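To start, I am sharing the structure in question, which I have written as structure tokens.
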Amino acid sequence: MSRARRKAAASAGAPGRVRKALATHWYAWTMVAPVVLVIGVIIGYPLVRGLYLSLTDANEANVERNIGMNHIPATYRFTGLDNYTEILGDGVFWSRLGWTVVWTVACVGLTFAIGLTLANLLNRKLRGRTFYRLALILPWAIPAFVSVFTWRLLYNEKNGLLNKLLAGGGIDAVPWLNDPTWAKLSVIAVNVWLGVPFMLVALLGGLQSIPGELYEAAEMDGAGAWQRFRNITLPSLRGVSSTVILLSTIWTFNMFPVIYLLTRGGPGDATEILVTYAYRLSFVDSPRDFSGSAAWGVLILLLLSMIAVVYRRSLRKQGEVW
Amino acid sequence: MRRGMVTTALVAGLAMAATACGGGGGGGDQQSGGELSGTVTFWDTSNDAEKATYKKLAEDFEKEHPKVDVKYVSVPFGDANAKFKNAAGGGAGAPDVMRTEVAWVADFANLGYLAPLDDTPALDNPGDYLPQALGSTRFKDKTYAVPQVTDTLGLFYNKRLLKEAGVEVPKTFAELSAAAKKIKDKTGATALYLRGDDPYWFLPYLYGEGGNMVDARDKIVEIDDDAGVKAFKAIKDLVDSKAAVTDATDGQENQLKALKDGSVAMAVSGPWDIEGVRAGKEFKDKKNLGVAPVPGGSASQGSPQGGWNLSVYAGSKNLQASYAFVKYMSSAKVQQQTTEKLSLLPTRKSVYELPSVKNNEMVGFFKPAVDKAVQRPWIAEGNSLFEPIKVQMNKVLTGAATPEQAAKAVGDSYRKILKDYK
């Protein structure tokens, strides 16, 4: 076959394939098209726009606007990677990243451990099981900001319920949100409280899909409760737990409401994670720094994508298809 | 999960479309006959003790202009700045008139969100306004707001507790510190509640040491010089010596409660808290509340000039009605009513001549204080200068930073915000 003919065949083949695909799946494509369009407009466009803005020096004062009698022309410039070098060269980013990692690991680890324990307890046959399940899932049904404000009332150093209880036991008031270390523990506690129901439900589902025969057989072979847990429950749960751990890592990494509503990142900047810090930089100062905030957003997205890829790869190494 | 996302996306899309369409409403304006009509949306930022009075006053405007519909919206002070910026910058949902904090005017005007009010009916008899109050309404030679109330910080004190302890009202923070032990021993109360959560409350300490945030005329950052360091040290010493209690969150509620219950003898606050404090059990006898000038530091005495202005959104569909509403809300009559009901300080010289205002005890104290209050730099970035102070005063109070480190850190962030400052 000469080169020209091969080229012609290839170019003839391409539209053919597309047409064939369209012919077989046209129905699916029509059904999906509106969704693709909406996602493209709502997620794709802002993402691309954000990427572009992060390479400029755009802020609230120099983007184009028409407000009644006032017209403000666009005067921002393309500045390349300046925003990124500035952020990465600043100690603030790295110190916040350190605490964000501690916060994420602590929250995910604790919610998983507590969720797994509770799920195991609830997987037994016991009286009033439905009641316990409902009670444990309830925190999930309450909007996060309501829970957080409730906790804030409880934590209030001078008038909060927690310190009143401690005072009853003769213990000095704990500066829950007014001391850097206590504040860190307090925000983690709230996030764990909010996160456990999700873990519980997911893991309970996983537990119930494990066939009872496995446990029976193990028991016949004389395996103890701990051995059964380690060798049957944990491996069988791997599919579910790897998914929920990844999801929960991503959520916790970006858990804006808990920190912002509970401490506003304080005292000082002790509990500030990357997203709340980005918020403080971009929305508290004036004029609002659109380009800087876009660059922070892109960096956070990159970090999370990296975590997901590394995590998936390590699972695949363990033989998990996911 | 995925299905959830798609639904959210669809809902968000529809919501966006709906708000985009909704922005055009409002309609109506001055009719040919000269009678005002249409809707004026008013965002009020007054606090819980004040808002009922403001709502009623705003709605009374409809009696004078029956064809104008005033939509009163109460917006919490803490959210108002961000909420207005979101709405104004996004081009939908901004109010026609907003009660704007004095430090926000230059910021909003700089971004093009406010309508200039020179030569409009809104700026009625400007010669009658106190010059300090008028200062915050001007930006780049134009007037962008009209003063509504003015205020400054004062020292609220519980007369009974001070009397029981046998101490005088302190004139400096050093005197307060010295009296603290007596107050604690004789009454069980702590001497002072120190707002550690709000940077505005740092200013009396800064001014008291002879410092300032920035020198806007010569473009110099001043907060990181000696006076700034001393100011951070002053708050730290008050808390460490147990002369004061503080919080990093919920300071407004905690301070009010502590003062009302008599668990602290003194607190620094402004006229906006008078009504709230008087609702407490310690102040059932209204005479038990005393107000004195904010104590001074080692160098001088000073408290920041605050207050609220009324501004008109440049994109308002109803400019004429909005101007008339602003004129009404800042009129002598309305100012007189807010003083009688809430003890707030008027911004018009003529109102101070009225007997009911003249004889108001709180006005009697706060008026001379306001006359001497320190004007803040009315620059576009003025409001941004507070966040760095907040972070650092938190750090100093919790021992996470020394006063020197704190002052330096605030100075550094100021130079980032104000790029052409030294």
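Glycine residues also receive a Cβ, built from the backbone N, Cα and C atoms like all the rest.
Predicted automatically and left uncurated, TrEMBL annotations should be read as such.
Per TrEMBL, domain 'ABC transmembrane type-1' is recorded for A:97-311. Per TrEMBL, transmembrane segment is recorded for A:26-48, A:101-122, A:134-154, A:185-207, A:237-262, A:293-311.
Context for these features, please: burial, neighbours, distances.
For the transmembrane segment (A:101-122), the list of distant contacts is 129, 132-133, 136, 184, 187-188, 191-192, 195-196, 198-200, 202-204, 206-207, 229, 233, 237, 241, 244-245, 248-249, 252-253, 255, 271, 273: same-chain residues at least six beyond its ends, Cβ to Cβ under 8 Å.
A Cβ distance under 8 Å defines the sequence-distant neighbours of the transmembrane segment (A:237-262), meaning residues of its chain 6+ beyond its ends; these are 100, 103-104, 107-108, 111-112, 116, 144-145, 148-149, 151-152, 155, 177, 186-187, 190-191, 194-195, 198-199, 202-203, 205-207, 210, 271-276, 279, 300, 303-304, 307-308, 311-312, 315, 320, 322.
Nonlocal intrachain contacts for the transmembrane segment (A:293-311), taken as residues 6+ away from its ends with a CB within less than 8 angstroms of a stretch CB, comprise 50-51, 53-54, 83-84, 87, 93, 97, 242, 245-246, 249-250, 253-254, 274-275, 277-279, 281-283.
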